[in-house]
Amino acid sequence: MTDSRTNLLNLDRAGLDAFFTCLGEKPFRARQVLRWIHQRFVTDFSAMTDLNKSLRERLTESAVISLPEIIKQHRSADGTHKWLLRMHGNNCIETVFIPEGDRGTLCISSQIGCILDCSFCATGKQGFNRNLAVSEIIGQLWLANKTLGRDPKGERIITNVVMMGMGEPLANFNNVVTAMNLMLDDFSYGLSWRRVTLSTAGMVPAMDRLRAVCPVNLAVSLHAPTDKLRDELVPLNKKYPLQDLLSACRRYVAGDRRRAVTFEYVMLAGVNDSLPHARALLRLLRGLPAKVNLIPFNPFSGSVYRRSDAATIDRFREELLRGGIMTVTRKTRGDDIAAACGQLAGRVQDRTRRTMDRQRLVSVLPRSPLAS
């Protein structure tokens, strides 16, 4: 039987304000309940002791706080954690926590599978089912915070969030933005925009919308310096080629000298890792406040690609540094538990939907004037 009660985990502060107004309550109740849910990790309304008994009873009748279910938890030798979480419909997604010094980063998924089918990514190859609900996105942060607890000083262990897990976040725009509103809200998780990063393959119109409503840090899954090569690696490039993508990046950081776009570049042996590729990348990014993360390819079953060797990656990085682009090589973390970049796969029950849904997505996206 379907539960008709409202899942409060789907609502940010504005949504909760509206919910309590409908109950005849003052909007300040939203702030109280946000603290209980997201700061004290309480899901039982009867335990919310600063609410009067009558309101607690009405909440029990009309609302619920429903979370994903932890199926498995793995811990890597390097301290990386990976959770397999069951969502509604018996599909599963993966969430990863990466500790490093005084920084702890949670990598969050936004879809069950991924609709974009990038050729080098395990998520894209395992199918697509649906977008995650707000409760399923913010629920990953809720569960990880509750599981990991706080450090000896009482500080939260999770200091940063990256929307870089399974799925294309901007293809689930409204739910992702609502979840990020909760991440940034001082009555919920209180993260600075500098500590929340969204990674996109390049959904240009949605990038402009994001800048207008929730301008967190932007990362772009670039992976190639030319349209010809990027068409092969990232099929969305056929819709939004590099000139459009880079123009959107410039608009995103315009007027704010504190901002730069991070470009992710997976290093594929013999495909995109030569010095001519590095020089083409320098030309492409010229004049744009940019950082480049070089990502050693993480193999998965059935992949045709190989990881560039360390010497090749070093030469590529040095070429970019000489050209004035801040460049780092991302340290591979959690590969012994398949938690490294590009390895997340989860479990999708219906793998037949990706082609249909991808075609529908492409058909409704505004077309770039430069796309052929």
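Cβ atoms here come from the backbone N, Cα and C positions, even for glycine.
Here the structure is a predicted model, which means the values were calculated and not measured.
Marked as domain 'Radical SAM core' by Swiss-Prot: 100-335.
Per Swiss-Prot, disulfide bond is recorded for C107-C341. For C107 (disulfide bond), the Cβ neighbour count at a 10 Å cut-off comes to 27, with all displayed protein chains included.
Sequence annotations record features per position, and here Swiss-Prot assigns [4Fe-4S] cluster binding site to C114, C118, C121. Around C114 ([4Fe-4S] cluster binding site), the same-chain residues six or more apart in sequence whose CB sits under 8 Å from its CB are C121, T123, G124, F128, M166, G167, E168, listed in sequence order. In the three-state DSSP reading, C114 ([4Fe-4S] cluster binding site) counts as coil.
Feature annotation from Swiss-Prot assigns S-adenosyl-L-methionine binding site to G167, E168, S199, S221, L222, H223, N298. In this view, G167 (S-adenosyl-L-methionine binding site) is surrounded by 29 other Cβ atoms within 10 Å of its Cβ, with every protein chain counted.
What Swiss-Prot records for C341 is active site, S-methylcysteine intermediate, and it gives sequence analysis as the kind of evidence.
Annotation for the binding-site residues C118, C121, L222: lowest Cβ count within 10 Å of the residue's own Cβ, C118.
The secondary structure of S221 (S-adenosyl-L-methionine binding site), as reduced to three states from DSSP, is extended strand. Taking Cβ-Cβ distances under 8 Å and a sequence gap of 6 or more within the same chain, the neighbours of S221 (S-adenosyl-L-methionine binding site) are C118, S199, T200, A201, G202, V234, E264.
This prediction places the mean pLDDT of the domain 'Radical SAM core' (100-335) at 94. Annotation for H223 (S-adenosyl-L-methionine binding site): spatial neighbours C118, F120, R230, L233, V234, E264, Y265, V266, N272, criterion Cβ-Cβ under 8 Å with sequence separation of six or more. Classification of G167 (S-adenosyl-L-methionine binding site) by DSSP places it in coil, neither helical nor stranded.
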